[in-house]
Amino acid sequence: MNTTINDSSMLSLEGFIVSPEAAHPLFLLTLAVYLIIFIGNVTVFSVIVFQKNLHEPMYLMICNMSVCDLIGSTAVMPRLMADFLTEVRYISYAACVVQAFCVHIYGSAAQLILTVMAYDRYIAICDPLRYNSIMTTSTLVKLCSLAWGGTLVLIIILFALTLRLPRCRSQIVHAYCNNSSLFLLSCADTTVNNIYGLFITVFLSGLSFLVIVWTYIRILITCLYKRQSSSKSKAIHTCATHLTVYIIFELSSLFIIIVQRFQNFVFYRHKGLQC
């Protein structure tokens with residue numbers, strides 16, 4: 001029978017099923033990847049901050065992306081490394097909430113910053129003579145503040161809806177905590193949570209997709225009319241890098257959402273059949 005669990009209780013993480021022989025190699029591999037991500041992003045952030053000649057819109061947005069990467073990787077990978085070395089995996093409810101919050105902040109902010117970067121490339125290529133007057137420091141601060149501020153508002157509401165729910169389960173079926181795994185700990189009606197979570201996903205993905213498609217269509221048209229081959233190649237190179245990052249980010253996010261939703265469905269359907 002389901003019973004309500006108090007806020008100080010521990011949650012069990014299903015995590016990855018790893019054999020004892022593979023645990024230490026996976027730990028070392030994850031550690032190496034995390035160190036590369038951490039050192040790389042800290043280096044990029046530091047160089048851009050301390051080199052005044054790099055205080056340009058594109059570099060400052062790359063700086064914001066570095067902060068996003070640090071938040072996302074630090075929220076998940078250290079905990080994942082610890083779980084590789086133990087068969088019994090527990091996490092406090094508070095730590096689970098913090099991890100989930102950081103994961104969602106990373107995903108949402110990165111999406112919006114990539115959208116701002118697309119707009120920056122559009123102005124730089126389609127209206128180069130007015131670029132410096134449009135993409136001023138003030139404009140950039142406003143756009144980045146809107147990206148981070150909008151993310152915080154959306155995610156705070158998301159977690160406020162989740163934290164109001166009473167809990168009657170204590171098992172997280174994923175390798176790390178996220179919002180859906182948290183509200184599925186409740187036996188109460190989570191329709192509002194599902195609707196709002198779907199709204200955020202559709203809103204952020206739809207907004208970024210529409211803005212990026214529109215900007216790249218305009219950029220493509222501009223490049224077709226440009227006569228200078230050097231300008232064309234530079235524009236294509238810059239846009240190809242950004243577009244590749246965006247596509248990889250969107251596809252990986254979609255894959256994670258589908259896998260986690262499927263895991264939730266299978267796990268709780270199995271639990272329901274057992275009851």
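Glycine is treated like the rest: Cβ placed from N, Cα and C.
Sequence annotations record features per position, and here TrEMBL assigns transmembrane segment to 26-50 (among others).
Annotation source TrEMBL lists domain 'G-protein coupled receptors family 1 profile' at 40-275. A mean pLDDT of 86 is what the model gives for the domain 'G-protein coupled receptors family 1 profile' (40-275).
Among the features that TrEMBL reports, transmembrane segment is placed at 57-78 (among others).
Annotation comment: TrEMBL describes 90-119 (among others) as transmembrane segment.
Sequence-distant contacts of the transmembrane segment (140-161) (same chain, six or more residues past either end, CB-CB distance under 8 Å): 57, 60-61, 64, 97, 100-101, 104-105, 108-109, 112-113, 115-116, 119, 179, 183, 192-193, 196-197, 200, 203-204. Look at TrEMBL and you will find 140-161 (among others) tagged as transmembrane segment.
Tertiary proximity for the transmembrane segment (195-217) is limited to same-chain residues at least six positions away from its ends with a CB under 8 Å from its CB atoms, namely 108, 111-112, 114-115, 118-119, 121-122, 154-155, 157-158, 161, 179-180, 239, 243, 246, 250, 253, 257. The annotation transmembrane segment is assigned in TrEMBL to 195-217 (among others).
Sequence annotations record features per position, and here TrEMBL assigns transmembrane segment to 238-259 (among others). Distant neighbours of the transmembrane segment (238-259): 107, 110-111, 114, 117-118, 121, 124-125, 201, 205, 208-209, 212, 216, 219; these residues of the same chain sit at least 6 beyond its ends, with a Cβ under 8 Å from one of its Cβ atoms.
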Other parts of the chain folded back onto the transmembrane segment (26-50), taken as Cβ under 8 Å at six or more residues beyond its ends: 18, 59-60, 62-63, 66-67, 69-70, 73-74, 77-78, 80-81, 84-85
